[in-house]
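S.K.: What follows is a structure written as structure tokens; I'll ask about it next.
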Amino acid sequence: MTTRGGVAKAQKGLHLNEDIFGGMTAFQRGGRIKHSEYYQCGKGRDLGFGTILNFQTKIGTGMGEQMISREYYYLGTQLPMDRFLTFYYGHGGFHVNNILVIFSVQIITTTMVYLGTLNETLDICEYSSSGDYLGGQPGCYNLSPLFGWIERTIISIFLVFMIAFLPLFLTELTERGAFRAVVRLAKHFLSLSPLFEVFSTQIYRHSIVTSLTFGGARYIATGRGFATSRISFPILFSRFAGPSIYMGMRTLMMLLFVTLTNWIPHIIYFWISSLALTIAPFLFNPHQFSRSDFIIDYREFLRWMSRGNSRSHANSWIGYCRLSRTRITGYKKKRLGHPSEKLSGDVARAGWRTVIFSEILWPISMAIILAVAYMYMESFPVNGNQQGSAFVRVLIFAFGPVVWNAAILALGFLTSLFLGPMLTRVMPKFPAVIAASVHCLAVLGLLGFFEFIWYLERWRVANIVIGMLAAIAIQRAFFKTIISLFLTREFKNDEANRAWWSGRWWSTGLGRHAFSQPLREFLVKIVECSLFAADLICCHIILIGLSIPLLIPFIDKIHSTGLFWLRPSKQIRPPIFSFKVRAQRRSIVLRYSLLYLAVVCCLAALIVVPLVIKNQVDFSCDICQRI
């Protein structure tokens, strides 16, 4: 290939997609590449969930770099149609299809949300079982064709999904017989392969969209680690929250509203797909359903959420939060020589043309779409009484927690500024105590505003769900706008974060930035407090969902059998611990099991208690009725 001029593009670091660029260059210069296919390659690797997705991320980001190259432009404009289609579907078209698949799921889910608002508020025309219109329904709205269209669309998607299994089944049928074909297909479903395919599609989509938006594609070492080792919950969450988990949780909330307002059995397909986006990293985690490891994971999660405020830590929620916004803000060039500067690389600030659509216009559009749906539902009277302003309600729900966080942050800042330098000398954990107090108040404030808005909605579940969707979308647009437009570049170290909680601004080495950094850090902390409360509640919802299978006897062996296709007698034995370590693990499991059960009961009480007492207790509030 190199003798025909096929040379890879020059890059700063390790080469990315050098074989593709070399092949395209050789092809443009008249060369022809011969494709040889073998029945079996002699190269095998022990690939786990994370290794496969790292490889897919590398391929997706590399494809983003290819799509903006001149080679793709030349081939896309000069090839004849037959050869162009081969080139398209073998290269960039596969990734474009992944983008369209996920985008279509978002569109159809949003469409079903709007249909749910119509079905909840309007009188829908009813039909007999034979499809005949029933008389005596003046002023009804004929939305049945729309509901039928949704059902037919989901059925067609499901049929295409089932057709994708035909090649595997027919290959096994012709080579090994009907029984082996059925067993092989059963293993495919037992190992949750369809869920992995949905999650893989989202990883491909996120990788290429991020590469096209922000750039920064690089070589990712996929590693050769064992696929049987268990990964802790915070590591999995920090790795996949941005690419998939957040989107999956938002989609699940939309499906919850659709289920409450316009239930049809066909929605189960979207429930499974959205659950795959949310919990697939944990389902494919070996020994995820080991009861003792699950509780120890919960302890590690709480420590991950709280560490990093009194001293630097390589694995903390605050570090993950800073890293997730640096692709927009970038880093300052100034270095102070702190060890925490080694935890981050060089990232340039994204240009305003880059972030204007993905970080500002698109979130604002989704906020408007969901806010309109909420205000439409609120525009109808309840029991003959006209409701208050829906616009005011959604603003209270969206910005009430933000104002609450700003108030407690201002109080915490003054406390740390005047007392921190003195108390830190005698109590080194003082910054961590202040940070934990502020974060706990932020969580309580968010839950309190949820209960207050639910009370304003007269405990109607569908209304509070669509209200939460609108408030989350508005908050998301607000925070992304602040990060994109008002935040300056980040320091490579975390001294500003530690100075905020300790009050020791003059001993951080920030120099003249010590005058301007507190105001910037105040905006950052408002965003971080809201994200902390949201992440804590989101992770507890995921943990509650993952704890349900723990009630099944021998679930760990069943899960390992489906994951590795190994009989229980052939599975890897659990590690052997010393007597001291076993005693420590028993103590941790006992203490944090009680804490976990207490938190679950409190969260359940926030939902169950209002539903139980709403008819027995009269909550009268004249001011609330006007809102």
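Positions of Cβ are set from backbone N, Cα and C atoms, glycine also.
The domain 'Glycosyl transferase 48' annotation in TrEMBL covers 1-422. The transmembrane segment feature in TrEMBL is assigned to 153-170, 263-284, 355-376, 396-420, 432-455, 461-479, 522-544, 588-613.
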S.K.: Short question: which residues 6 or more past the ends of the transmembrane segment (355-376) have a Cβ under 8 Å from it?
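M.R.: Beyond its ends, the transmembrane segment (355-376) has Cβ neighbours at 110, 113-114, 117, 121, 209, 213, 328, 390-391, 394, 463, 466-467, 469-470, 473-474, 476-477, 480-481, 483-485.
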S.K.: Determine which residues of the chain contact the transmembrane segment (461-479) at the Cβ level, with the cut-off under 8 Å and only residues 6 or more beyond its ends counted.
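M.R.: Contacts with the transmembrane segment (461-479): 113, 116-117, 120, 250, 253-254, 256-257, 260-261, 360, 363-364, 366-367, 369-371, 373-374, 377-378, 393-395, 397-399, 401-402, 450, 453-454, 527, 530-531, 534, 611.
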S.K.: Which listed stretch (153-170, 396-420, 432-455) has the most C-beta pairs under 8 A with the transmembrane segment (588-613)?
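M.R.: Of the candidates 153-170, 396-420, 432-455, 432-455 scores highest.
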